[in-house]
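Beneath this line is the structure, given in C-alpha cells, with notes to follow.
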C-alpha cells in the first residue's frame, strides 16, 4: 500500500530532533531509492565514494560539497533552491552548516557494489591527495553505516595517522577551517 506524501515543512517541525551528528540524516524512504532529509551542522572529514549517482536539493540555506574532480580538490556551493546531480564514483564530502536542510536521493546499491569512505592527509606539506585511510563496505543502510565509519575513524588514532608524513588526520573539521557561504 502506498504511503501518504511527506510535507517537508511539517516533517521538519515535528521531527528535526532526529537529525543528529555526525551525519545529521534521517531516511524518509528506503526502498529502490533512499531519500534522506539532512540537516546541519555536520562534523566529518571523510570523502564518500559510491558507484551510483547522488541527487542533492538544498531546501534551506546553502551547503558545500567538497569533491575530488579529476584529481583536483574543489568546493561546489549548493544554495537554497539549487539541485545538483553528482556522478557515481566521485569522492565527495558534504559540508552542512547550522540551520540548513537538504534532501539527498540515492539509488539502492546493486548487489556486489562497494561504497568507500576515504580520508586524505590534511598536511599541506604532504603529497596532495595522499590517502590516510579508506574503509570499504556494501551499503545496505545509509542511516547507520556512514555514521559507524565516521565513529570508527574518530576513535582509532591508528586509522588517522598518515603513513607518508606521520600527521594525525582530523576526524572533524577544525573550527573556522571552512567558510560558511550562508554568512558571506
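Cβ atoms here come from the backbone N, Cα and C positions, even for glycine.
Here Swiss-Prot flags 44 as O2 binding site. Look at Swiss-Prot and you will find 48, 54, 92 tagged as Fe cation binding site. The substrate binding site annotation in Swiss-Prot covers 54, 96, 106. The annotation divalent metal cation binding site is assigned in Swiss-Prot to 121, 126, 162, 165.
Sequence features, as recorded in Swiss-Prot, placed on the structure.
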residue: 44; record: O2 binding site; DSSP class: coil
residue: 54; record: Fe cation binding site; DSSP class: strand
residue: 92; record: Fe cation binding site; DSSP class: strand
residue: 106; record: substrate binding site; DSSP class: strand
residue: 121; record: divalent metal cation binding site; DSSP class: coil
residue: 126; record: divalent metal cation binding site; DSSP class: coil
residue: 162; record: divalent metal cation binding site; DSSP class: coil
Go through the binding-site residues 54, 92, 126, 162, 165 and tell me which ones have a CA within 10 A of the CA of residue 106 (substrate binding site).
54
When the Cα-Cα distance from residue 96 (substrate binding site) is computed for each of the binding-site residues 54, 126, 162, which gives the smallest value?
54
Spatially speaking, which of the binding-site residues 121, 126, 162 is closest to residue 48 (Fe cation binding site)? Use C-alpha to C-alpha, please.
121
So among the binding-site residues 121, 126, who's got the most Cβ atoms within 10 Å?
121
Candidate binding-site residues 54, 92, 121, 126, 165, pick with smallest Cα gap to the residue listed as 'O2 binding site':
92
Give me the count of other Cβ atoms within 10 A of the Cβ belonging to residue 96 (substrate binding site).
25
Packing count at residue 54 (Fe cation binding site) (other Cβ atoms within 10 Å of its Cβ):
21
Could you check the binding-site residues 44, 48, 106, 162, 165 and say which one's CB has the most other CB atoms within 10 Å?
44
Using a 10 Å cut-off, grab the number of neighbouring Cβ atoms around the Cβ of residue 92 (Fe cation binding site), all chains included.
20
Give me the CA-CA distance between residue 126 (divalent metal cation binding site) and residue 92 (Fe cation binding site), in Å, as a whole number.
20
Inter-residue Cα distance where the pair is residue 54 (Fe cation binding site) and residue 162 (divalent metal cation binding site), in Å:
29
Could you tell me the C-alpha distance between residue 121 (divalent metal cation binding site) and residue 92 (Fe cation binding site) in angstrom, no decimals?
15
Residues 54, 96, 106 binding substrate per the record - widest CA separation, whole Å:
18
